[in-house]
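Some notes on the structure that comes next.
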Amino acid sequence: MTGPPKALKLEQSHGKGSVRVARVWRGSDGRHSFAEWSVSVSLISDCLSAYISGDNSSIVATDTMKNTVYVKAKECTEITSVEEFAIHLGRHFTSFYPQVTAAIIKIVEKPWERIHVDGLPHTHGFKLGSERHTTDITIYKHGGLRITSGIEGLALLKTTMSGFEGFVRDQYTILPETRERMLATEVTASWRYTFDSLSMIPGKPYCFTERYLNVKKVLVDTFFGPLKEGVYSPSVQNTLYLMAEAVLKRFSDVAFVQLKMPNIHFLPVNLSSKDNPSIVKFQDDVYLPTDQPHGTIEATISRPVSKM
Ligand SMILES: O=c1[nH]c(=O)c2[nH]c(=O)[nH]c2[nH]1
């Protein structure tokens, strides 16, 4: 194998982005299940000669990667989570091709939800929901694994029990302190599982989809608090921390949680004219919704490292 000329360092990967695939599972009872995925494959492989001398003999074509997504979807004869599909795909690339040392698979699932008619589930009807289940896994040739699951686009809003006080005030600060405001965000969450080899992946009945739903519930419940009284949020930062902490406390197989929670502002509306100083006076009732600019608040919260 030809190495790069001395003094040049080459790190590379190649793959296929956003391969869209949909899969129907037809149950023997007539009930259909359905998933739609956007799959991105990236391979780390020994194909330096392609970069350095134009020799493509060790390149797995990205077109072949795309075809493999459809072959592996066909092979999933039972309802499959994005995590299981990513592992299935990653295992193929790392075991089938000697030159592939690692496969990075990212999947976003479109939120199709079974439709209910008069409270009863339809056998084959689905509607599009909102937040998306994601996964990002890396599989190494010798069975090492990094597996992350996540949520994208989880829009949450509460109309009270939020404030922001005691922050730095300087010559540029005009924001008033408040104990009463709207709190709105669109959560992007990801959490890394502690399983660090393929052999550690639990068999059924462990189910990544069920774990995804439970993590989402813990995040949402912590954001809103109890049904009637709610929970006071002194800042997005504090609420974010409590949400991540609740996930880490509840699920011992989660190593760390990353949360991105933009502070989406609803601005108080006050309208006045020269003749009428109070056409609309804000009384925590009429707001101007905005999406830009918004605060960007992000953190990764992990367990303390043991000092053993
Ligand atoms: O919860 C908040 N955190 C901030 O950092 C911030 N900054 C700001 O202007 N409003 C808010 N709200």
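Backbone N, Cα and C define each Cβ position, glycine as well.
LYS16 (active site, charge relay system) carries a strand DSSP state (E or B). As annotated by TrEMBL, active site, charge relay system applies to LYS16 (among others).
Among the features that TrEMBL reports, active site, charge relay system is placed at THR62 (among others). Close to THR62 (active site, charge relay system) in the fold, though at least 6 residues off in sequence, lie HIS14, GLY15, LYS16, VAL41, each with a CB less than 8 Å from its CB.
Look at HIS265 (active site, charge relay system): DSSP puts it in coil. Spatially close to HIS265 (active site, charge relay system) yet at least six residues away along the chain are ALA184, THR290, HIS294, GLY295, judged by Cβ distances under 8 angstroms. According to TrEMBL, the active site, charge relay system annotation covers HIS265 (among others).
The annotation urate binding site is assigned in TrEMBL to THR62, ASP63, PHE164, ARG181, VAL236, GLN237, ASN263.
The feature O2 binding site is assigned by TrEMBL to THR62, ASN263.
The DSSP secondary structure for GLN237 (urate binding site) is helix. Taking the Cβ of GLN237 (urate binding site) as reference, residues of its chain lying under 8 Å away and at least six apart in sequence are, in sequence order, ILE297, ALA299. Under the heading 5-hydroxyisourate binding site, TrEMBL lists THR62, ASP63, PHE164, ARG181, VAL236, GLN237, ASN263.
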Tell me the Cβ neighbour count for VAL236 (urate binding site), meaning other Cβ atoms within 10 Å of its Cβ, over all protein chains shown.
21
Among all protein chains shown, how many Cβ atoms are found within 10 Å of the Cβ of LYS16 (active site, charge relay system), not counting that one?
19
Near ligand 1, which of the binding-site residues PHE164, ARG181, VAL236, ASN263 are found, taking a Cβ distance under 6 A to any of its atoms?
PHE164, VAL236, ASN263
Sequence gap of 6 or more, Cβ distance under 8 Å: name the residues on the same chain that satisfy this around ASN263 (urate binding site), in order along the sequence.
LEU183, ALA184, THR185, VAL236, HIS294, GLY295, THR296, ILE297
